[in-house]
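Heads up: the structure comes next, in structure tokens.
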Amino acid sequence: MEDLGRSWSLLSWVASCVMVFGGMVPYIPQYLEIQRTSNTEGFSTRVCLVLLIANILRIFFWIGKQFELTLLMQSVVMIATMLAMLQLCCNVQGTNRVATKQHHFTDLDLRYFWSWSRFEDYLLFCFVFMVFCAFVTFLFLDSTLFVESLGSLALLFEAMLGLPQLLQNFQNRSTRGMSVKMVLLWMAGDIFKTTYFIMNESPVQFWVCGLVQILVDVAILLQVLYYDPETRGKL
């Protein structure tokens with residue numbers, strides 16, 4: 001029984017590590033693809049927007065309702081990963097940009113929201129959003145309805161993770177430049193974490209979010225099969 005308990009503890013520890021760091025793995029192939037081609041057109045940076053909002057909201061949800069520490073650490077790692085992706089995209093776009101007017105967060109021009117010229121603008125957006133969330137959260141921290149709504153909102157955004165990529169593929173009528181490995185790893189991770197949520201009896205919002213993400217992953221892979229015969233053969 002003691003050996004069984006140790007084995008279960010080790011398995012639980014490994015699963016926790018996968019949960020914390022596994023979310024960043026799908027973006028490694030896409031990061032390398034952008035570096036190799038010096039082209040960001042196939043990757044929707046709005047994926048980063050969705051994940052940044054989702055994980056910032058999740059951190060404040062944790063303040064109101066202390067769920068597994070593993071999921072809190074996962075949010076910190078994902079925020080760092082998304083910022084790294086944005087920094088690479090800004091560097092590549094800055095190198096390829098012709099002499100046109102630059103756009104900044106401080107312009108407050110909604111036409112160019114999330115299409116800013118400098119990485120610092122994305123950092124400023126994150127800072128302002130976190131300050132706003134902190135103010136509202138500590139104002140209504142004693143409200144159970146607010147805390148639960150915050151958690152649901154965080155997971156709703158996370159469930160929409162693949163939607164910007166799905167829409168960009170539809171707009172481009174192509175999945176070229178998008179890493180198929182990234183989407184396959186999204187799906188593997190979503191299946192793993194949904195199982196993890198169910199087995200660990202996490203709040204219902206978590207596993208419902210996971211199921212929605214799996215459906216979006218499937219839709220993106222169907223786009224690969226439909227739009228790009230060459231990629232379809234590789235897949």
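Backbone N, Cα and C atoms are what each Cβ position is placed from, and that goes for glycine too.
Marked as transmembrane segment by TrEMBL: 12-31 (among others).
Annotation comment: TrEMBL describes 43-63 (among others) as transmembrane segment. With a threshold of 8 Å between CB atoms, the same-chain residues lying at least 6 positions outside the transmembrane segment (43-63) that come near it are 30, 33-34, 71-72, 74-76, 78-79, 82-83, 85-86, 89, 114, 122, 126, 129-130, 133-134, 137, 141, 147, 150-151, 153-155, 157-158, 160-165, 167-168, 177-179.
Per TrEMBL, transmembrane segment is recorded for 69-92 (among others).
The transmembrane segment annotation in TrEMBL covers 122-141 (among others).
The feature transmembrane segment is assigned by TrEMBL to 147-167 (among others). Residues 43-44, 46-47, 49-51, 53-55, 57-58, 60-61, 64-65, 137, 140-141, 178, 183, 186, 203, 205-206, 208-209, 212-213, 216-217, 219-220, 223 of the same chain lie 6 or more positions beyond the ends of the transmembrane segment (147-167) yet place their CB under 8 Å from a CB of it.
The transmembrane segment annotation in TrEMBL covers 179-198 (among others).
If you look up TrEMBL, you'll see 204-227 (among others) marked as transmembrane segment. Long-range Cβ contacts of the transmembrane segment (204-227) within its own chain (Cβ-Cβ under 8 Å, at least 6 residues beyond either end) map to 71, 151-152, 155-156, 158-163, 165-166, 169-170, 173-175, 180, 183-184, 186-187, 190-191, 193-194, 197-198, 235.
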Sequence-remote contacts (6 or more beyond its ends) of the transmembrane segment (179-198), Cβ cut-off under 8 Å?
15, 18-19, 22-23, 25-27, 29-30, 33, 42-43, 161-162, 165, 206-207, 210-211, 213-214, 217-218, 220-221, 224, 231, 234-235
Using Cβ atoms and a strict cutoff of less than 8 Å, what residues sit near the transmembrane segment (12-31) while being 6 or more residues removed from its termini?
43, 70-71, 73-74, 77-78, 80-81, 84-85, 88, 178-179, 181-183, 185-186, 189, 192-193, 196
